[in-house]
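This report refers to the structure that appears directly beneath it.
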Amino acid sequence: MQLMSTIQSAKTAPALLELSAGNWRLAVLVGLVVSALAVVALPASGSFWVVGAMSALVAAAFAVNAYRRRYYGGLLVAPAIAVLFVMNIFPLLWSLGLSFFAYQSNLQSIRFVGLNNYIKVLTDEVAAPANWNALINTAMFAVCTVSVQMIVGFLLAMLFAKQFPLRKYLLILVLTPMMLSVVASGVFFTYYYDPTFGILSYVINSLAGGQFIVMDSKAGAVAGIVFADAWMWSPFVMLLVLAGLVSVPRYLYEAAAIDRVSAWRRFWSITFPYIRGLLMLALLFRTIEAFKLADLVIVLTKGGNDTMTISYHLIRIANEQNKTSEGAAISYIILFIVIVLTNLYLYVANPKNREA
Amino acid sequence: MTDRVSFWERIGFRSVGGIAEAGWGRTLVVAVVSFIYFLPVLFIIFTAIKPQGLALSVPPTLSPTSFFGLIPDQFVFTPTLDNFASVFSRVMTAGGQPESTGFDRFFFNSIVIASASVLLALVIGTLAAYGFSRYPLKGNDTYLFIILTTRMLPAIVVIIPVILMFRAVGLSGSYLGIIMLYTAFNLAFTVWMMKSFFDELSTDVEDAARIDGSSEIKVFFKICLPQVIAGLAATFVFGLILTWNEFLFALLLTGPDTRTVPVAMNQAVSSGGRGTDWTLLAAIETLFLVPIFLATFFLQDHLLRGVTFGTVRK
């Protein structure tokens, strides 16, 4: 019996591939419908296998079709798209599905609840305050650390914007913090901040005269985390801004020197237009990364002193408390915020919109 | 190069070149600033060469030399290399209990996971970049943008389903799972960076080879690939910087056998509290930093292009 079905499936698979390669738009449609049915009707692990098989079939059909029609471009791109689909896009779709169900990863029951998860995480008397608090903390962290990074990164870039002796060697010194792992620097910042033997506390103590514990209050803890994060990632902003500064053609400055344009004016009308786009890109990346701020918090405060961020909160809810679908709902709310922010940035960065 | 206006030009990027010269005065100013910026790293490196007992001393010991009398003698210690030796010989305690695996295992894991995923991303991503560059599809910009958004997505949004998915297929705690995940995360950078390298090649030689009857595969391997070797190396290093130190996914998706160094470091510290062996940790971090530091130093100029996704051409 087992043998028979194996033989049959070995025969039907190429035929199925043949059929779907010919009508691959139809194959995508069938794949989507079967996947949607599987997600609704089967428990999570079962639906994974069905959706996985469907997407593999559709990808194979696409590849066969592309090869026959000599779409080499499609063939070359297909593996990358397949990997991204399996590891990024499919998980995202799956969690979108899960956010409409009541599901806990430690229980097998699954039940459709529509938008209830979203309503619960935003308005529930028990669950919502912690979520809102984490979200507000994240926003605060994002504003503080991104603005510090932009300023420090910009100033560093101005320093490195000219060619001077030993430039290459000095640049690598500034780039090193970015290469340290968050854990490595985070762990050592706990060492610097330590009230008894920490170097930073030692300096503050000997200056102020009294005992000062950096991580003891919310303001101190926030400042400590922002300081460490900004120190690590300002070099990233610097690299982007530097790329812009280096690309400004010299003859513009020479012309400005002849016309005796003031330094301020020179910056606004020559330099700034060249780095505006890259500044926006830096701002965009750093803001998105700020939503990820969890590792430093885990290492430095473990969420103590009201420094819980949304990422860390989400990990706790989904991984430690097993409230999977609530976590999925929260992550989609974050995704929504990030998409809105991204589009806002792109809108502002677009010169056409700016001139209008 | 196509003469259509690209997405990046539309949002305000332009590509031109030029850099002014400055003298030793600038060097002096930048040296002071860079040194201050580098101090926390320097402290880690100095801690790594401190003798065991001195890590927690008050007043803190700062430096192995007095820097020509700049640092008072009470802050100076005699350097030692013992800590580096003990990274690979000692048994670390994690979770309060003695553990049989040392950091040699975690270093091995880090090397395997990071290099395998970056190499995989490089192979898949280079093919895709070549495809995007030479055989533009309908809606090319859209595909490229979709690939970029997978990098822009905050990782936490993907974390929950990935954890579930890995549990469902039994991949959590395995090498394969974490390698595949990192591969996906490196792909976006790889495709964008390699595309910018391929775009800069002149297609004349390729066309000549095609006329002489070379197959498409031969054109790719014999003509295009040798010209972008430096680009491949830079992309490899860039992926390595991103992957080598990744913490969050490693924390959630590696098991005791596949734990990477950052995760092991965190566990060693969070379990120990005051008992943390700081000199040993500093030695681990220093060792962990060395390969990435050297690689970055030698490929600096190419890396700049990776950070900016090739939007600024020099």
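In case you wondered, yes, glycine gets a Cβ from its N, Cα and C as well.
According to TrEMBL, the domain 'ABC transmembrane type-1' annotation covers A:135-345. Positions annotated as transmembrane segment by TrEMBL: A:21-42, A:48-67, A:74-94, A:134-157, A:169-193, A:222-247, A:267-285, A:329-348.
Ranked by number of Cβ pairs under 8 Å to the transmembrane segment (A:134-157), the listed stretches A:48-67, A:222-247, A:267-285 are led by A:222-247. Counting Cβ pairs under 8 Å to the transmembrane segment (A:48-67), the top-ranked stretch among A:21-42, A:74-94, A:169-193 is A:21-42. Among residues of the same chain six or more beyond the transmembrane segment (A:21-42), those with a C-beta under 8 A of the stretch's C-beta atoms are 50-51, 54-55, 57-58, 60-62, 64-65, 68, 94, 97, 112. Tertiary neighbourhood of the transmembrane segment (A:267-285): same-chain residues 146, 150, 153-154, 236-237, 240-241, 243-245, 247-248, 252-253, 256, 261, 341-342, 345, 348-349, selected by CB-CB distance under 8 Å and a gap of 6+ residues from either end. Using a Cβ-Cβ cut-off under 8 Å and counting only residues 6 or more beyond its ends in the same chain, the transmembrane segment (A:222-247) has close neighbours at 140-141, 144-145, 148-150, 152-154, 156-158, 160-161, 174-175, 177-178, 180, 182, 185-186, 189, 193, 214-215, 271, 274-275, 277-279, 281-282, 285-286, 289, 293, 296-297, 300-301, 307.
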